[in-house]
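Taken straight from TrEMBL:
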DOMAIN    18-187  domain 'Era-type G'
BINDING   26-33, 73-77, 134-137  GTP binding site
REGION    26-33  region 'G1'
REGION    52-56  region 'G2'
REGION    73-76  region 'G3'
REGION    134-137  region 'G4'
DOMAIN    218-294  domain 'KH type-2'
Amino acid sequence: MNVEEFLANEAQATQNYRCGFIAIVGRPNVGKSTLMNHLIGQKISITSKKAQTTRHKVTGIYTDNTAQFVFVDTPGFQTDHRNALNDRLNLNVTEAMNGVDAIAFVLEAMRFTDADRTVLKQLPKNTPVVLVVNKIDKDKAKDKLALNAFIEQVRAEFEFVAVEVVSAKHGLRIANLLETLKPFLPESVPMYPEDMVTDKSSRFLAMEIVREKLFRYLGEELPYAMNVEVEQFKEENGMFHIYIAVLVDKENQKPIVIGRGGEKLKKISTEARLDMEKLFDCKVFLKVWVKVKSGWADDIRFLNELGL
Ligand SMILES: Nc1nc2c(ncn2[C@@H]2O[C@H](COP(=O)(O)OP(=O)(O)OP(=O)(O)O)[C@@H](O)[C@H]2O)c(=O)[nH]1
């Protein structure tokens, strides 16, 4: 190939390259964060069996030879309790949907609830929406006829531009989903470097990892009444030193997080440290402790400070 041919090929490749934003939207617990982690091939968004674990908008980037997908994982719309935190979360979802090129509306297979319908109603009118039916690995979704009938029922509710079925947890049909989404991205050169997987800082990811462990090891209600704050984050001699405070609402919640003889907190911080070492690919010194800050979920100024 001579230089001219090479340049012509390059120009052609740039012309056909696609890059754009896709919001991942759905009610809590349908598997948005799990899907995001599989789409980009790394764990940057926290997942949990409990609903409403995602509080922040997380951006995940997947780049290949033909396209760059910038995914925005949104908190599930909060329909249960009304407080300053939930109002702010819903605002974040609405904001995340503005200006994207397409929306992936995630649903759990064989389950279409009022909460799903509420989210559908809030989707912007002029943006293409792809229906993503997740959790097809579940037994109840294995009957193909029933699954098709379910999809038809949902399609009658909204004009989707396409439908995909996936299992985010098992990484099934993720490549198909990417292919389905690609035509909705505008032709453009990539916006981010090709090795970048998120626009979130290591500091933010560290905080999210600790939040995920709190959800895993604490009772049903408590994690919703707490938040996490990074007090210090520094790199020294190729090692990260991370100091994180867990904020609880009341003094009597402190021992629940700490556990007998400090056992629970130790487990949370050990697991968090191991995840961090994997993600950051270096040694981590992690210190986690508990602080009381009452009424934080209702304090707008404090939510601003936390970047929510
Ligand atoms: N069986 C099965 N479970 C899944 C699948 N995808 C996600 N899950 C599970 O569903 C639960 C919720 O997943 P998340 O990814 O945290 O859901 P989310 O929609 O981000 O939830 P919020 O943060 O509450 O908005 C977790 O226990 C996941 O392991 C799937 O494909 N199959």
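From the backbone N, Cα and C atoms, a Cβ is placed for every residue, glycine too.
Checking the binding-site residues ASN29, LYS32, THR74, ILE136 against ligand 1 with a 6 Å cutoff on the Cβ atom leaves ASN29, LYS32, in sequence order. Secondary structure at ASN29 (GTP binding site), taken from DSSP and collapsed to helix, strand or coil, is coil. Other C-beta atoms found within 10 angstroms of the C-beta of GLY26 (GTP binding site) number 25, with every protein chain shown included. In terms of DSSP helix, strand and coil, the region 'G4' (134-137) has 0 helix, 1 strand, 3 coil. In this structure, of the binding-site residues ASN29, THR74, the smallest number of CB atoms within 10 A of the CB marks ASN29. Each of the binding-site residues LYS32, ILE136 was scored by the number of other CB atoms within 10 Å of its CB, and the largest score is that of LYS32.
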